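> One structure follows; several queries about it will come next.
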Amino acid sequence: MDIRQDYPLSKRNTFGIAARTDWWIDYTCDADIDRLVKDEFFQECRVQTIGEGSNLLFLANFHGILLHSEVKGITELHKDQDSILLRVGSGMVWDDFVAYAVENNYYGIENLSLIPGQVGASAVQNIGAYGVEVSQLIEAVHARHYRTGESRVFRNEDCRYAYRYSIFKEPDYAEWAIMYVDYRLRLRPSFSLEYKALAKVLEEERITPTLQSIRDTVIRIRNSKLPDPATIGNAGSFFVNPVVSAEKFNTLQTEYPSIPSYPQPDGSVKVPAGWLIEQCGYKGHRSGAVGVYEHQALVLVNYGGATGTQVGALAEEIIGNVRQKFGITLHPEVKYIL
């Protein structure tokens, strides 16, 4: 376990916000959690779990303890002719796990290449891209309650997965520190190529689908649309794509015939938040140190020196204008930390 006081966070969040935390703690194993459960000072402090800081926005310095996983390793639990079950440490970098799966010919997560963050965060956020959500592949999440010390295995159904949602986003489950995530990946060749943007590139460039070619293509597409946080601070997609009723969508389509849409199994329709934002004139918008990325309106950026409150203010301005123009309220995918 590594403990640091008055710790700078500019390199611990992809927005590059120059906040600080009173305490930063890296945990690596169950024994570290056991120690924290017995520590009186820790138990009296405000605690927030944090991954790679790729899906949050610090609005101020954090007064308390940020708890960060350094649990590493990949263990093979079971293997048959069709699939393999892997247990992965929550502190492993997500894209390193994707690369490992591709190198070993394990199918299922190649479409999720280059998504920033840790393995633990994948289970919290239910990350998704190019037609795949990680909840389709998660069997179980192993967690420790950092107040009581309780150990619990959350089966997939326990996590109540939905679009960009899991039970771990609820306040009642915020004090669970994720230790490991179990993924069942496929051993037989099988690809998810229903997503139009990905399928179009593969077809136009006559790329034969393989694990590596799909990973390479996804990485290329993402790099063309999203800025590198090392160069321009950002948290990727800032807003969740809204889901509206069929009736609401039909009304919108009458006024905006070119509006993109993704029909959902329950009859509702998902609308790209980036398109809504772009229609309000924000693509490429800049106000001082903050702005909207020129190649993807869903991405808010820190050009250097911006505060979290400045980014948050731009987000609220966008929310208000989208609501006024379309009657749709956008919700941040990024978590605000006060």
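The backbone N, Cα and C atoms fix where each Cβ goes, and this holds for glycine too.
Sharing the features that Swiss-Prot gives for it:
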- 17-188: domain 'FAD-binding PCMH-type' (DOMAIN)
- R164: active site (ACT_SITE)
- S237: active site, proton donor (ACT_SITE)
- E333: active site (ACT_SITE)
> How far is it from S237 (active site, proton donor) to R164 (active site), counting Cα to Cα, in Å?
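Distance between the two Cα atoms comes out at 11 Å.
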> Which residues does R164 (active site) neighbour through Cβ under 8 Å, counting only same-chain ones at least six apart?
Q125, N126, G128, V240, E333
> How many other Cβ atoms are found within 10 Å of the Cβ atom of the residue listed as 'active site, proton donor', counting all protein chains shown?
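Excluding its own Cβ, the residue listed as 'active site, proton donor' sees 20 Cβ atoms within 10 Å.
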> When a 10 Å sphere is centred on the Cβ of E333 (active site), how many other Cβ atoms does it contain?
17
